[in-house]
Amino acid sequence: MTIYNFCAGPAMLPTAVMRKAQQEFCDYQGLGVSVMELSHRSPEYMAVAEKAEQDLRELMAIPDNYAVLFLHGGARGQFSAIPLNLLGQGKALYLESGQWSVAAATEAEKYGDIERVDLRCESRTLDLSRIPADTSEYAYVHYCPNETVDGVAMFDVPEVAAPLVADLSSCILGRDLDVSQFALLYAGAQKNIGPAGLTLVIVRRDLLGNADSRCPAILDYQLAANHDSMYNTPPTFAWYLAGEVFQWLKHQGGVAAMAEVNRRKADKLYGFIDASDFYRNAVAPSHRSEMNVTFQLHDAQLDKRFLAEAEAAGLKALKGHRMVGGMRASIYNAMPEAGVDALVQFMDHFARTYG
Ligand SMILES: *Cc1c(COP(=O)(O)O)cnc(C)c1O
């Protein structure tokens, strides 16, 4: 039986990447050691690291005036690093669209003057008109384009004068975006890039060098950039695997090709849910995530049975986040369209049995 893993994170990785990593696990390119046993400063590892960065730059068309950092600490680490590096004596604005953007604001408040604007409306949509017209007074504006827990997305990049910071943890490389519209982009790797333990930061170079004097060295962007992300030992194996995923993405035709498949997968699933009176999704269609599809059963008493039967059918980790309940199917780049087809088929069968 084919297993499809819908976990929000750590999420499934492309099978081809896992097979290749398995093949070279104990003996990387005839060196007789694993890539994870190599010094991060060895020429062999440096080549891995540099290729990963070059491939990511190509995939996202990252301009030269941006540094790409491969760090530790997850996206939550960046919730602290961002104010410590960018806030200075100023204040920042946090747009709240769901659980993660709220968590980012709460962490940032430890370090300085943070203002929040809640964009969420009763009707499970976002009111973008609440974003202040003039943001020039802020050191930066932070937002989260894809709210992993809520299944809510903000597809239009907010038009703000202040430097724009975005948490791309669950949507990076899922569709094209214009890096030059942003001051800083960041993502924990474990959703759409690779294994947990690696965090990507893409930051405009003119913003480096302003870290607060109390900023821990390992969170200081300038230090990381000066040392090619090797100020301390980087998460070498996760970096290597991320590089393998980037190569795989290039073979798939790059981000534009992935975006097309992602759109199709999401449309299929939302289309089925909308056509059914057994399942529902309450998010406004214009704000529905393409990566994390949340849905509820008409009768929550059936949730346990749904999850147990899904598991038995090889469809794993469909339980919604404990904060919102219901179900969630995370369908990142690595989820093949056949996985979504299998899920829809199962959901249809379940609804016919218990509806
Ligand atoms: C998962 C997630 C985080 C937290 O990531 P960690 O790497 O566990 O710190 C933050 N933001 C978003 C949007 C996420 O999906």
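Just so you know, glycine gets a Cβ as well, placed from its N, Cα and C.
Automatic, uncurated: that is what TrEMBL annotation is.
Going by TrEMBL, these are the annotated features:
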{"type": "DOMAIN", "residues": "3-343", "note": "domain 'Aminotransferase class V'"}
{"type": "BINDING", "residues": "Arg41", "note": "L-glutamate binding site"}
{"type": "BINDING", "residues": "Ala75, Arg76, Trp100, Thr148, Asp167, Gln190, Asn232, Thr233", "note": "pyridoxal 5'-phosphate binding site"}
{"type": "MOD_RES", "residues": "Lys191", "note": "N6-(pyridoxal phosphate)lysine"}
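Features per TrEMBL, on structure.
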residue	record	DSSP (3 states)
Arg41	L-glutamate binding site	coil
Ala75	pyridoxal 5'-phosphate binding site	helix
Trp100	pyridoxal 5'-phosphate binding site	helix
Thr148	pyridoxal 5'-phosphate binding site	coil
Asp167	pyridoxal 5'-phosphate binding site	strand
Gln190	pyridoxal 5'-phosphate binding site	coil
Asn232	pyridoxal 5'-phosphate binding site	coil
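In space, Thr233 is the closest of the recorded positions Trp100, Thr148, Gln190, Lys191, Thr233 to the residue listed as 'L-glutamate binding site', judged by Cα positions. Filtering Arg41, Ala75, Trp100, Thr148, Asp167 by Cβ distance to ligand 1 (under 6 A) retains the following binding-site residues: Ala75, Trp100, Thr148, Asp167. Counting only the Cα atoms, the space from Asp167 (pyridoxal 5'-phosphate binding site) to Lys191 (N6-(pyridoxal phosphate)lysine) is about 12 angstrom. A Cα-Cα distance of 10 Å separates Thr148 (pyridoxal 5'-phosphate binding site) from Lys191 (N6-(pyridoxal phosphate)lysine). Across the residues annotated as binding pyridoxal 5'-phosphate (Ala75, Arg76, Trp100, Thr148, Asp167, Gln190, Asn232, Thr233), the widest Cα-Cα separation comes to 30 Å. Rounded to a whole number, the C-alpha distance linking Arg76 (pyridoxal 5'-phosphate binding site) with Lys191 (N6-(pyridoxal phosphate)lysine) is 14 angstrom. Comparing local CB density within 10 A for the binding-site residues Arg41, Arg76, the maximum falls on Arg76. Shown in sequence order, His40 are the residues of the chain, 6+ apart in sequence, with a C-beta less than 8 angstroms from the C-beta of Thr233 (pyridoxal 5'-phosphate binding site).
Reported as a whole number, the C-alpha separation between Asn232 (pyridoxal 5'-phosphate binding site) and the residue listed as 'N6-(pyridoxal phosphate)lysine' equals 24 Å. Of the binding-site residues Thr148, Gln190, Asn232, Thr148 has the largest number of other Cβ atoms within 10 Å of its own Cβ. Around Ala75 (pyridoxal 5'-phosphate binding site), the same-chain residues at least 6 positions away in sequence with a Cβ under 8 Å from its Cβ are Trp100, Asp167, Ser169, Tyr186, Ala187, Gly188, Thr199. Other Cβ atoms within 10 Å of the Cβ of Trp100 (pyridoxal 5'-phosphate binding site) number 21 in total over all chains.
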